[in-house]
């Protein structure tokens, strides 16, 4: 009976590898199989995994020993997995407009009536620790997530003055990225100085032209080998440098690279830059939180980089 040997492990640190995961749970007893679950498109860890022990006693011991263990900034949760748990697909919801006072526990209570919650997250301001009113909820099954949208989207939870928005936080499909890619390569109003043709087979384009300003920034196209989500950051002060972008975006998740666009003559920031993040959810979260963020005397505009930026 699998149900006594198969465990689900939640809230794993984003950068934990399959090997580290196996070695942690293998220290308890002999493992039949273990799998860290990754995003099919980006390859990024989704922060949970499954471990199947050979002996039910070891599974029980793993729950008693490792549940509540702190790894880096996370406290992991170890519990028995229902056999259906492996079918967790596209059941991740993005929630905005939450009351600033709502805790992660209250968020889970609100959504738990619709099904089994695998992970939940409320985004907080890194400086003040105050909630930004945005969160993610991942359900066990897609159907549960659909019911939660029907039941809660546009509703006012208790303590809320505004209705909340609940929608799927899905990765855009591979088809979308193919379309985006062909648009980028065929768009007549772009100049691509530089060796574009060498990079075509790697699905990476560089440089990008914005309003005639050429910025040498490698932006990756989702769904291909060099994956990442490029974010456009506008209204930076002339003194901004890369460290500002690392500090702003680092707390939200894995950042691949950052680039401040500088004036060729003065070497001062031209007012904008790019950040590439590995994980779609984290990029969406960073945008939702940092768009409209006041940095010094400026209010930032933050959005996914599109192939036509009208600023």
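Heads up, the Cβ atoms here are built off N, Cα and C, so glycines get one too.
According to TrEMBL, the protein has these features:
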DOMAIN    5-83  domain 'RRM'
DOMAIN    91-171  domain 'RRM'
DOMAIN    229-307  domain 'RRM'
Three-state composition of the domain 'RRM' (229-307), taking helix and strand from DSSP: 22 helix, 31 strand, 26 coil
Residues in the domain 'RRM' (5-83) grouped by DSSP into helix, strand and remaining coil: 21 helix, 30 strand, 28 coil
PLDDT averaged over the residues of the domain 'RRM' (91-171): 87
